């Protein structure tokens, strides 16, 4: 094309943050020619009618002198995020994620932006409203208030998960500033400048264990890992250390080595809940070099940290899975703590990436050293280590300050024979808790179900109350007096006095137990004990998790009851008793990872007690005392568990011997959704690679969710990219109706739900 007909002197090929899989051309205005480069984050109009204040964010891939689309070309509107430029490794990672995880390029781009809502980097601070210092008592406080405006404010803050400014809160609750002032005076709420939300050093000491002297195994691990770090060669190391073996101290020494070499670090933890303790530990050692990234930060906070990391003002980033996409400069070390944890897999929204695997790929692209740390490695990672694909460093014993923990199994079948009913607590557990209370030691109780009663059923017709929108039994939450669906969050707050099916009155029975009931029973057994419950109900508002953990860590509570969030990586030196109330519950799920997840969970809970000089004890209640998974967890023998479990995986051809792709089809009409699923299934079967295998169609474990019916089938393959191409061709040929949606999940963590 004749360059004289080009309306711009320079053009940019970009990927737009939208659900499209195309690279688009935009013109570069003269005033931006010296600012736009490869990797620039820019603002572009996606439709011709968009005005200057309506735009999409895009990443620049290439600068060129001409375009074949001059008749429709539009200009780049401006640079974004203060002219931050993504490094080439992140651009390459966008393409890899799009290809591997079966998602449009535009969807992959969204992972690499701090927030699609923050228009530019800003150092301006804003006030946010939070619950007061006694946030965990808000439900009790509500019962004492008679002012409807104040009640409305507190209830709104209980339900919200994002920071609200005073004007936003007043608008949403229709109250005046006087109402907020009154709540502030009563210390029921706090109004805080966003700049003051960063953790101050003096607030961190209650989380920190005493730094031990490294033992020989730890020193060997540090030396092994440091070799690739010094050589600037890509290497993945599996750090397999029993609970309490001092993996964090190994991380610390390797990070020091990386910083001495001028390299930056990304440290991933599986959940936001763990970020506070990890941040506390490393901020004490590295101070302002450390930054944190996670979804509970405000848009401006997240953007500021992202900006500082890209400018080299922060050299250590800590956060959950999304932190792996931070554009930190001169990356040399990536650590994935608790690498086995399913929270590293994004399962709620596409792209359905696995952050552990993305970390390994980013390490490969940057010649960085990658550490995968765990006391219970995933079977995939352990297999890679045994086959020498990864290096293996083993910490086989607890650190010098820790005492070996004694683990005991309690056969609940025998307890039933004694009491002639199904008890929640064995007599052994009751006595053991009493002993800890007498000497001032702490207890952790693990029970992986929320709520008070897990089901409500009719004694006459046997009907069980279910969510009207999901194939899910409703759970009774006593504190809020509601029946709640744990899938779609539907709440039934009106009292149900008769059976919806047979209309019988006085026939409804509340059965089962969740953490809320366990807490109530413990208060009945031990009325003077100070108990804390840690689950998604008590930690749903900002700051509540940290406040509860601090309360327990500083000895202001005796017993901590919680779901799986208490099993992960927390350090409480005064805890000498850990109790697993239902050690076998996860084994009843028909999923190929069920045994692995039960083993991991029990082992992680086991590691919460006896982490200091005090001896620890673990009690595991089970109705399956002969089950081999529980026996291996009891013995804390991962190699024995692996040896047994890997045989079953090989016979059934499941990971790590193959890769899985899960195709899920959703629609409002069950029959029609099934027919569409069958059409695509047939097309894939006709063209599938001979080395891959196609499983039959089945309903998903959660068949109906939010009024949509779910069907699925699995593909087993050793070449994900080839299989993805065949799926894409089948979907294109099928031309699915708009009434049915297809989700492709590569390397799923579950094949059932």
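All positions are counted from 1 along the displayed chain.
Just so it is clear, glycine is given a Cβ too, placed from its N, Cα and C backbone atoms.
Of the candidate ranges 329-332, 333-336, 337-340, 341-344, Swiss-Prot annotates residues 337-340 with the feature motif 'DEAH box'.
A Cα-Cα distance of 37 Å separates residue 242 (ATP binding site) from residue 485 (Zn(2+) 2 binding site). For residue 470 (Zn(2+) 2 binding site), the same-chain residues that are 6 or more apart in sequence and have a Cβ closer than 8 Å to its Cβ are 485, 487, 488, 490, 702, 704, 705, 706. Looking at residue 467 (Zn(2+) 2 binding site) and residue 458 (Zn(2+) 1 binding site), their Cα atoms lie 15 Å from each other. Separating the Cα atoms of residue 499 (Zn(2+) 1 binding site) and residue 244 (ATP binding site) is a whole-number distance of 51 Å. Take the binding-site residues 488, 502: by the count of other Cβ atoms within 10 Å of each Cβ, the lowest one is 502. Close to the recorded Zn(2+) 1 site, the chain also has 459, 460, 462, 463, 500, 501, 503, 504, 507: residues not among 458, 461, 499, 502 whose Cβ is within 8 Å of the site's Cβ mean position. In three-state terms derived from DSSP, residue 247 (ATP binding site) belongs to a helical segment.
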